[in-house]
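Straight from TrEMBL, the features:
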{"type": "ACT_SITE", "residues": "Lys11", "note": "active site"}
{"type": "DOMAIN", "residues": "68-147", "note": "domain 'GHMP kinase N-terminal'"}
{"type": "BINDING", "residues": "Pro97, Val98, Ser99, Ala100, Gly101, Met102, Ala103, Gly104, Gly105, Ser106, Ala107", "note": "ATP binding site"}
{"type": "ACT_SITE", "residues": "Asp139", "note": "active site"}
{"type": "DOMAIN", "residues": "202-278", "note": "domain 'GHMP kinase C-terminal'"}
Amino acid sequence: MITMTYSAPAKINLSLDILRKRKDGFHDMRMVMQTITLHDTLILHPHCGGGRITLSCGGAQVPCGEENLAWKAAQLFFEETDTPCDGLEMELRKRIPVSAGMAGGSADAAVVLKALRGLYRPSLPREELERIALKVGSDVPFCVRGGTVLAEGRGEQMTSLARMPRCPVVLCKPGFGISTPELFGRVTVSRLKTHPDTRGLVKAIALGDLRMAAGKLGNVFEEVLPQEYGEVFEIRDRLLGAGALNAGMTGSGPTVFALFDDETRAKGAYEALAKDYSETYLEKIL
Ligand code: ATP
C-alpha cells in the first residue's frame, strides 16, 4: 500500500473587509490572507479502497463523510477532471481548531486537490485547480495558493503579495464558536464605521515592514461582534499587554491572533494564555 503524507496549513486574516452584498447572496470581500505554520496532516493511500473514496478523522469533531470538505474536494477533483477514481483512502489528523476562523476545512480540501493533481493530473493548470477549489468553498482557492495574498470577490480573485516577515504568531481560541452566517447577517455595509486600510497593509508588506503591517491589521467582523463574545477583546487586550505588535480576530472568529517581533515575548504571551485556554498556539508566519 502506498502512503503519502501532506501538510494542510491554516490561515489568518491580516485584514478582512466586506465591500457589498451581492445579488447571488455572497459578499464581495477584500482580505489579506496569510498562511501560518499551524497545520492538519493528510495521509493518503491512493489506488486503494475498491474504487471508493473513504475518510477517517481520528475522533476529531468533524463530519467524516461526504460533508467533510476533504471528501468533497476529492469527489469534485475526479468529476471535474474526468479522472476515473480507482479508490482513495484518506486519513485526517486535525490540529487546526474547528470553526475557528482559520479555514481548517478549506485547508484540508486544498491539500487534497493539490495531492490529487500531483498523483493523477500533474499538468493541470493552477487556474483550473483554483476553479475547482472555488466549487468546494470560498476560502479554498487561497488555501491552494498559500503565502500572502490579497483576495477579492468571494476570495477567488487573488493577487500574490511579497511574503510577510516570518514573525512569531500567538493564536488563542476561546471556548465558544461563532456562526459565520450569523456574523454576515449582522453586517450592513453602509453602517460600518471603519474599514481596514488594506492598501496601507499591502504597501507595508511590499516594504517588508512588519511593524507597519501590524499597525494595519483590521477585521470588520469585530465591529458587529455580539456582546456575549466580548472575551475576544479580553484575549486581544491580554496579547497586547504581553507585548504583541498588534492583535485581532481572524475570519469570523472567535480565534484571536497576535504578531510579535520578539520570540521571548511571544513565548511569554503563549504561556500566560495557555494557562486559561487549552486552544492556544505558538506558531509562525509561513
Ligand atoms: P473559515 O475560516 O473558512 O470560515 P473555519 O475555520 O471557521 O472556516 P472550519 O474549521 O473549516 O471553520 O469548519 C467549519 C465547518 O465545516 C464545521 O461545521 C465543520 O464541521 C465543517 N467541516 C467540514 N469538513 C471539515 C474539515 N475537514 N475540517 C474541519 N471542519 C470541517
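Cβ from N, Cα, C; glycine included.
All features noted in TrEMBL, drawn onto the structure.
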residue	record	contacts (Cβ under 8 Å, 6+ apart)
Lys11	active site	Met33, Gln34, Thr35, Ile36, Met102, Ala103, Ser106, Ala107, Asp139, Phe142, Cys143, Thr250, Gly251
Pro97	ATP binding site	Gly104, Lys173, Thr255, Glu279
Ser99	ATP binding site	Gly177, Ile178
Gly101	ATP binding site	Asn13, Ile178, Met249, Thr250, Gly251, Ser252, Gly253, Pro254, Thr255
Gly105	ATP binding site	Val62, Asn68, Leu69, Ala70, Val98, Gly137
For the domain 'GHMP kinase C-terminal' (202-278), the number of residues DSSP places in helix, strand and coil:
42 helix, 10 strand, 25 coil
Three states by DSSP: which one describes Lys11 (active site)?
strand
Entries of Lys11, Ser99, Gly101 (recorded positions) sitting next to ligand 1, with Cβ under 6 Å as the cut-off:
Ser99, Gly101
Setting Pro97, Val98, Ser99, Ala100, Gly101, Met102, Ala103, Gly104, Gly105, Ser106, Ala107 aside, what same-chain residues sit with their Cβ within 8 Å of the center of the Cβ atoms that define the ATP site, listed in sequence order?
Ala10, Ile96, Gly251
What counts of helix, strand and coil residues does DSSP assign across the domain 'GHMP kinase N-terminal' (68-147)?
46 helix, 6 strand, 28 coil
